[in-house]
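According to Swiss-Prot, the protein carries these features:
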type: BINDING; residues: Arg22, Arg180, Ser181, Cys182, Asp183, Asn191, His221, Ile222, Tyr223; note: dUMP binding site
type: ACT_SITE; residues: Cys160; note: active site, nucleophile
type: BINDING; residues: Asp183, Ser282; note: (6R)-5,10-methylene-5,6,7,8-tetrahydrofolate binding site
Amino acid sequence: MRQYLDLCQRIVDQGVWVENERTGKRCLTVINADLTYDVGNNQFPLVTTRKSFWKAAVAELLGYIRGYDNAADFRQLGTKTWDANANLNQAWLNNPYRKGEDDMGRVYGVQGRAWAKPDGGHIDQLKKIVDDLSRGVDDRGEILNFYNPGEFHMGCLRPCMYSHHFSLLGDTLYLNSTQRSCDVPLGLNFNMVQVYVFLALMAQITGKKPGLAYHKIVNAHIYQDQLELMRDVQLKREPFPAPQFHINPKIKTLQDLETWVTLDDFDVTGYQFHDPIQYPFSV
């Protein structure tokens, strides 16, 4: 939690104002931030200086794992995080590849589970990684990549956290996640949870011990309309100790995650938090 607040303070103190063309807003921006989460010792990086709705972050990750491309499917899992980008993004609404209401296009999990091949077939990146790790194999290329420039025009949003690289040392599993852009007050709250949970889940379904998850952010920013709340409210609060995250031990396989797993299979204990803060969201 302290490393999150340190990054927020760094942006406030050292950030440079950048005009963001997509949103039409100014962002206070720094380049490069590295966060580390101790999954093996269950140090869950849930923000405590405001109430964090961790279930929505886990639901979104489940949707990515399942390769969902429709905001309605994400809502059914328990998150509305894709409603705006699917239905309120004017550029996407005018895009001929949009199939209709709630369609997200070929983003995130679609690329992870069905990356298009030139011959017309598809590559299931995630299944390959799970199969390898389950056999104790690390070919130094256990990489889940959502970043496909050849299909950006076929989706409502380029991926922000676009790469997850899994590594084995003995029977301990590690994760390096890379994020090109991060709305720190809003998005990082979710992204930290997802990096942690992704490693915890992958370790469980491959029979490995979770180690550390490394989270690199390239462009970390605070939007101008978020700055006052961050500087004058959230950064004035003292963090509480880290809570703990729990996964249903009956989850054993990738197929389990694809079929019957719901938010009821996850729990957080020891979570103390300050009052919620309503940060503006930029579509």
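Glycine is no exception: its Cβ is also placed from the backbone N, Cα and C atoms.
The structure displayed is predicted, hence computed values, not measured ones.
The structure, with features from Swiss-Prot marked on it.
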residue	record	contacts (Cβ under 8 Å, 6+ apart)
Arg22	dUMP binding site	none
Cys160	active site, nucleophile	Gln179, Arg180, Ser181, Cys182, Gly187, Asn191
Asp183	dUMP binding site	His221, Ile222, Tyr223, Gln226, Ser282
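Reduced to three states, the DSSP call for Asp183 (dUMP binding site) is strand. Sorting the binding-site residues Ser181, His221, Tyr223, Ser282 by the number of other Cβ atoms within 10 Å puts His221 first.
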